[in-house]
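A short write-up of the structure that comes next.
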Amino acid sequence: MNPNQKIITIGSMSLTIATVCFLMQIAILATNVTLHFRQNEESIPAYNQTTPCKPIIIERNIKYRNWSKPQCQITGFAPFSKDNSIRLSAGGGIWVTREPYVSCDPSKCYQFALGQGTTLDHNHSNGTIHDRTPHRTLLMNELGVPFHLGTRQVCIAWSRSSCHDGKAWLHVCVTGDDRNATASFIYNGMLVDSIGSWSQNILRTQESECVCINGTCTVVMTDGSASGKADTRILFIREGKIVHISPLSGSAQHIEECSCYPKSYPNVRCVCRDNWKGSNRPVKLDINMADYSIDSSYVCSGLVGDTPRNDDSSSSSNCRDPNNERGNPGVKGWAFDIGDDVWMGRTISKDSRSGYETFRVISGWATANSKSQTNRQVIVDNNNWSGYSGIFSVESKSCINRCFYVELIRGRPQENRVWWTTNSIVVFCGTSGTYGTGSWPDGANINFMPL
């Protein structure tokens, strides 16, 4: 080979070797990359793969209430809440209301009332003594919060009841014509069912809380004469839907405005107003939530709970029948049993809705005409107005406590200086401790109030 050929041959061989080395480097790089990604794929869990984005829903373990605990043993009642709504109304911006009540969900208590579609300092408050108008609505606030302009209007109603089944609120709301009213059943904020008047004479309900056990709620409703025979029915509702209706049975002659409480599953017990024949506060109304059976009678205590009533020395009750003592008109009230005894509340005046007292009657639930009274407390002194009252139940860790509210009515018909009628509220709950004395009236100076 000449020198030029040697140079060309060496150059060609070098280029070939370089090309082979380059290709080998590419092959090694490709192998490393492949092995790297395979190793990562094996170490990545399956849930890291790409999936559609969906909201994560965490369900709470919400249960229906069963009220299976025993009733708390109490020595009397201690102050719990007072809303002072009429005193605050002097500055304006507070609803005109009446017929208040209190009911609690598993964690918090609320106060309810029927609003008149106006505030006290407005001309529309003139004439609010009337019970049934299309402007009345059910108001709902946390207990202790007066019904200000931001208050929620739950439904249209001039008669109603509310209760919480452990999952949601049920509201039974009656409104419409006296001769053809409608009751709407609102559950969890939605209208679920309804029922029309069955006697065409002011369909009405409890004006205090209903009771729910294991998802079924019961409410007492009456349609018919307020001073004669009427048709009372007990409705059973599940998540807003009527599932059964039972007629009244037993010896009760007239039932209105029941104050009900859970009592020894599957029973609900109510004490109601006889607006016709008796001042002995019917009704030991016993409702069986399991088989829908009903029984009724009268509170045995000879110290009777309605207003008007006879003097205590001449009042009576035989447990089974109305006492025919000043039975008409009457007022909403409450009582509850504790063994054979009965705790009860009533106006201090036997003739009018003034003052308020509570006491325990020994054997007042079991023995006719019992009159042995103990643990008396004055809630409102007799120089101040009271009104409706009712019961509500609160479940603690170990027992079921009984509480009550008193409506403190001001304005007409007793105070004619003003044109309106409204109320505030005071609330007490059972206590096993000691307690003092006092009086908790509405407290508004009528001369400071708008006319």
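Using N, Cα and C of the backbone, Cβ positions are placed for all residues, glycine too.
Swiss-Prot has this to say about the protein:
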type     : residues                                      : note
ACT_SITE : Tyr388                                        : active site, nucleophile
BINDING  : Arg98, Arg132, Glu256, Glu257, Arg273, Arg353 : substrate binding site
DISULFID : Cys72-Cys399                                  : disulfide bond
DISULFID : Cys104-Cys109                                 : disulfide bond
DISULFID : Cys163-Cys210                                 : disulfide bond
DISULFID : Cys212-Cys217                                 : disulfide bond
DISULFID : Cys258-Cys272                                 : disulfide bond
DISULFID : Cys260-Cys270                                 : disulfide bond
DISULFID : Cys300-Cys319                                 : disulfide bond
DISULFID : Cys403-Cys429                                 : disulfide bond
TOPO_DOM : 1-6                                           : topological domain 'Intravirion'
TOPO_DOM : 30-451                                        : topological domain 'Virion surface'
TRANSMEM : 7-29                                          : transmembrane segment
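Overlay of Swiss-Prot feature records on the structure.
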residue: Cys72; record: disulfide bond; Cβ within 10 Å: 19
residue: Arg98; record: substrate binding site; Cβ within 10 Å: 22
residue: Cys104; record: disulfide bond; Cβ within 10 Å: 17
residue: Cys109; record: disulfide bond; Cβ within 10 Å: 18
residue: Cys210; record: disulfide bond; Cβ within 10 Å: 26
residue: Cys270; record: disulfide bond; Cβ within 10 Å: 30
residue: Cys319; record: disulfide bond; Cβ within 10 Å: 18
residue: Arg353; record: substrate binding site; Cβ within 10 Å: 19
residue: Cys399; record: disulfide bond; Cβ within 10 Å: 15
residue: Cys403; record: disulfide bond; Cβ within 10 Å: 21
Between the C-alpha atoms of Cys109 (disulfide bond) and Arg98 (substrate binding site), the distance in angstrom, to the nearest integer, is 19
Any idea what the Cα distance is from Cys210 (disulfide bond) over to Glu257 (substrate binding site), rounded to a whole Å? 11
Would you count the other C-beta atoms found within 10 angstroms of the C-beta of Tyr388 (active site, nucleophile) for me? 25
Close in space but at least six residues away in sequence, with Cβ under 8 Å from that of Glu257 (substrate binding site), the same-chain residues are Arg204, Gln206, Glu207, Ser208, Cys272, Arg273, Lys332, Tyr388
Which of these disulfide-bonded residues has the least crowded Cβ, counting other Cβ atoms within 10 Å: Cys163, Cys258, Cys300, Cys429? Cys429
Report the largest Cα to Cα distance, in Å and rounded to a whole number, among the residues Arg98, Arg132, Glu256, Glu257, Arg273, Arg353 that the record lists as binding substrate. 21
If you count CB neighbours within 10 Å, which one among the binding-site residues Arg132, Arg273 has the smallest count? Arg132
Using C-alpha atoms, which one of the binding-site residues Arg98, Arg132, Glu256, Arg353 comes nearest to Cys399 (disulfide bond)? Glu256
For Cys260 (disulfide bond), write down the residues of its own chain that are at least 6 apart in sequence and whose Cβ falls under 8 Å from its Cβ; none is a fine answer. Gln206, Ser208, Glu209, Cys210, Val211, Thr218, Val220, Val268, Arg269, Cys270, Leu285, Ile287, Ile391
What's the CA-CA gap between Glu256 (substrate binding site) and Cys72 (disulfide bond) in angstrom, rounded? 27
Across the topological domain 'Intravirion' (1-6), average pLDDT on the 0 to 100 scale: 52
Cα-Cα, Cys429 (disulfide bond) versus Arg353 (substrate binding site), nearest Å, comes out at 21
May I ask which of the disulfide-bonded residues Cys212, Cys258, Cys403 is closest to Arg353 (substrate binding site) if we compare their C-alpha atoms? Cys258
